[in-house]
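First comes the structure, then the notes that go with it.
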Amino acid sequence: MTQAPVNVTVTGAAGQIGYALLFRIASGQLLGADTPVRLRLLEIPQAVSAAEGTALELEDGAFSLLDGVDIFDDAKRAFEGCNVALLVGARPRTKGMERGDLLEANGGIFKPQGEAINAGAAADVKVLVVGNPANTNALIAQAHAPDVPAGRFTAMTRLDHNRALAQLSGKLNTPVSQIKKLTIWGNHSATQYPDVFHAEAAGRNVAEAINDEKWLAEEFIPRVAKRGAEIIEARGASSAASAASAAIDHMHTWVNGTSSDDWTSMAIPSDGSYGVPEGLISSFPVRCSGGNYEIVQGLEINEFSRPRIDASVNELVEERDAVRKLGLV
Ligand SMILES: NC(=O)c1ccc[n+]([C@@H]2O[C@H](COP(=O)([O-])OP(=O)(O)OC[C@H]3O[C@@H](n4cnc5c(N)ncnc54)[C@H](O)[C@@H]3O)[C@@H](O)[C@H]2O)c1
Ligand SMILES: O=C(O)C[C@H](O)C(=O)O
């Protein structure tokens, strides 16, 4: 290794997604095959032993890019010197829990983690929130890290993007690699809007190729938006390997860039583009280059798309207002 290792902090490291994620990071798929990494795992005290077990397996992987693994149950220490933060651990909704309870419980996790990132992360830190409700958890963490540029806090809609690519690939009988310029708008929730009106499949406009708004409205959109629930129903647990894969994709794209003929979907702080209130962490079409990203501008939003984008954005406004009431942002 000639380059200094990049510090990657992963929270919820002993969970399902953590287990699928850590080995891919160690093998170089997060940052690239030339970049050594040091893993810093954060868990709650009861799960530290399980994280230690995973660290033994990481050692047994003999990954040439893995500089070492440190395990913490203290956020302040876990985020010291952190360059890349993958915030996976979150409080899941349990029976009888109202949305307000869920937001409050997650506030108890993401507020101290935001403070810890503010206190000790490296100047170039990039944060991806995976733990649900991801967009609003990212907003909470960001609100407690006033010294970190707000745009470094992002939330994951890449899984939704990948799910939509797969559905379109099947429908159009076109390889996933040939489908470009798809957009997920809004929240990582059932209100999200997968937009195909600017997408291209093998160079052809996807909406025109499908030419069936009924299929879009009644099959494609609900299939993508409710895919998380479909997986939970089938597996008895939420998506894990596909979520880990999407987290890898999100950060890899942010660091290494999008190709010139494509864009991706990332939930990022709105600058007011497309009528999304400034500051909300909402999913947009995004181009990445040189470790930065920018919202793709100038897309025409048609009558089919506008109310669907607005519905998801309104849900984000409600979540923001709820955490505001709780004093979390
Ligand atoms: N954004 C997305 O596309 C997407 C997709 C799938 C899952 N998710 C979400 O990701 C989260 C994790 O999923 P999972 O299947 O790995 O769950 P899991 O329950 O298997 O693991 C979560 C882990 O987080 C840990 N944890 C809890 N509080 C913590 C804290 N304060 N600090 C550090 N660790 C903490 C737990 O001990 C547990 O090991 C869930 O919120 C899930 O809903 C998001
Ligand atoms: O964990 C969930 O509620 C579902 C998850 O966000 C997913 O999209 O698979």
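Even glycines carry a Cβ here, placed using N, Cα and C.
Feature annotations, courtesy of TrEMBL:
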ACT_SITE  His188  active site, proton acceptor
BINDING   Gly12, Ala13, Ala14, Gly15, Gln16, Ile17, Gly18, Asn106, Gln113, Val130, Gly131, Asn132  NAD(+) binding site
BINDING   Arg93, Arg99, Asn132, Arg163  substrate binding site
DOMAIN    7-146  domain 'Lactate/malate dehydrogenase N-terminal'
DOMAIN    157-322  domain 'Lactate/malate dehydrogenase C-terminal'
Residue among the binding-site residues Gln16, Gln113, Asn132 whose Cβ has the most other Cβ atoms within 10 Å: Gln113
Close-lying binding-site residues around ligand 2 among Ala14, Gln16, Gly18, Arg93, Asn132, Arg163, where CB distance stays under 6 Å: Asn132
Minimum Cα separation from Arg93 (substrate binding site), reported as the residue among recorded positions Ala14, Gly131, His188 that achieves it: Gly131
Local backbone state of the residue listed as 'active site, proton acceptor', from DSSP in three classes: coil
Euclidean distance between Cα atoms of Arg163 (substrate binding site) and His188 (active site, proton acceptor), Å: 12
Of Gly12, Arg99, Gln113, binding-site residues neighbouring ligand 1, Cβ under 6 A: Gly12
Rounded to the nearest Å - Cα separation of Gln16 (NAD(+) binding site) and Asn132 (substrate binding site): 14
Length of the line joining the Cα atoms of Asn132 (substrate binding site) and Gln113 (NAD(+) binding site), in Å: 15
